[in-house]
Amino acid sequence: MAQLPPGFRFITSFSRDQWYRAFIFSLTFLLYTSFHLSRKPISIVKGELHKHCAASHEVELNSYKEYAAQIQPVKKTSNVSQCGWEPFDKNNYKQLLGALDYSFLCAYAIGMYLSGIIGERLPIRYYLTVGMLASGLFTAMFGFGYFYNIHNLWFYIIAQIANGLVQTTGWPSVVTCIGNWFGKGRRGLIMGIWNSHTSVGNILGSLIAAYWVSTCWGLSFVMPGVIIAVMGIVCFLFLIEHPKDVRCSCTPSSSSQNTLNGACRFRVQMPTLNAKETSKPQDPEMQHLLIDSENCSVSLNSSPVATEEGRHRTSAISFLGALRIPGVIEFSLCLLFAKLVSYTFLFWLPLYITNVEHLDAKRAGDLSTLFDVGGIFGGILAGLISDRLEKRASTCGMMLLLAAPTLYMFSAVSKMGLEATVVMLLISGALVNGPYALITTAVSADLGTHKSLKGNARALSTVTAIIDGTGSVGAALGPLLAGLISPSGWNNVFYMLIVADACALLFLLRLIQKELRCSAHRTL
């Protein structure tokens, strides 16, 4: 018999369940990449909506006779001034651009609290598909203002509000789906890699928007809108919400306890273990890395799913019930300030680079992607460290502590030249996005399957929505404050970000103290 080809041997080396998990991992990664891809264009187009028009006036004065016949018709048809696109061509452009950011993010924050509750009561595939199609429509709607020569500020604000509301369907849905398919032990690393979709989406969104920003900025919105709508159709055709929907099979291991093999759960009746046996190290895939609020033990992942009562319990958790889960409030408030910093960079970094480095909108947009490249490594590093140390809060606190002086250095070093800016973008991206990525993914999934829920898997969507919704309040405040503070100088914006970073660390101190105390207790 001939030997099987290496490629086929590689394919058959993985089980059916592993292939399903890999498929869901990849699909949800691409789905949420398209969400962030569609949010990025506004930050790239800001440099085109308002231009520094001193150079334009000089060109106009030097060559007025040559272009006089052409300038007048253009003003009549497109109402475009030398300083940008009306109404963003006035001196108060930073406040108007800040209002666009605030409209989107405020709607996103409010909608997020409702989205998790609604998402628990509807099939994820349908809910996510409708949200992605609507997101595509409202993202493209902003770009239609260019093609239809619309200069009413309220048109753009309404487009941002509508887009912010429908985009809340994404995060609770994909986190719930990925949480259904993967266990907790290596969740930090797995979700750290998976959460890089945020940075990948920002990078692709920046590159796509920058490609058209100087020639036809309407396409900078229309093309991302088309992409997320197409991905919505892909979601409808292929998304599998839970492994039980495809009769995911599991092979019992030799473990003597109730075992969780990835996402597929089964119960094995075994005699009660003695104290010596229970003290043995647990399989990493079964460990829960958040410290229990009442004692210093590390909760096992099997506890929420060990009983038949837990598996058959389908009632959705209440909002107040989710808040009572230990750690939800602390991590939510921490994320509020962490996301304030991250989203200020997301929406204002290209304009900052344009002003400081004196680059055009396209080059500034391309350069800003380095912040997201750093964010990819930061998210993976945070997940890896938290898995190794078994300390989610301490990992976040360590990165927040390093981020504060890094932000100060960024504000000073970025004025020294392009090379220094590149280095600081990478470092700042890693330290700013690391805690944000860890809290919104692994921590949210851990809390959403906390042992106090007794196996109520439907709570994950609500817990995720509460944490990310609270974070989105900060995401709304950050760009708004940046728009209000930046006229007094960019240094003041960085001071605001440093204070926010310190506040994020402050809300984690109790959990960090508990983790360190419990770690010392276990070593005795």
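Cβ atoms here come from the backbone N, Cα and C positions, even for glycine.
According to TrEMBL:
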TRANSMEM  19-37  transmembrane segment
DOMAIN    27-516  domain 'Major facilitator superfamily (MFS) profile'
TRANSMEM  96-114  transmembrane segment
TRANSMEM  126-148  transmembrane segment
TRANSMEM  154-182  transmembrane segment
TRANSMEM  194-213  transmembrane segment
TRANSMEM  219-240  transmembrane segment
TRANSMEM  328-349  transmembrane segment
TRANSMEM  369-386  transmembrane segment
TRANSMEM  393-410  transmembrane segment
TRANSMEM  422-447  transmembrane segment
TRANSMEM  459-481  transmembrane segment
TRANSMEM  493-512  transmembrane segment
CB contact flag for the transmembrane segment (219-240) and the transmembrane segment (19-37), at least three pairs under 8 A:
yes
Considering only the recorded stretches 194-213, 328-349, 459-481, state which has the highest number of Cβ pairs under 8 Å to the transmembrane segment (369-386).
194-213
Is it true that the transmembrane segment (393-410) and the transmembrane segment (493-512) have 3 or more Cβ pairs under 8 Å, skipping pairs fewer than 6 apart in sequence?
yes
Go through 19-37, 154-182, 194-213, 328-349, 493-512 and flag the stretch with the largest number of C-beta pairs under 8 Å relative to the transmembrane segment (422-447).
328-349
When counting Cβ pairs under 8 Å to the transmembrane segment (19-37), the leader among 154-182, 194-213, 459-481, 493-512:
194-213
What average pLDDT does the predicted model assign to the domain 'Major facilitator superfamily (MFS) profile' (27-516)?
77
Winner by Cβ pairs under 8 Å against the transmembrane segment (493-512), considering only 126-148, 154-182, 328-349:
328-349
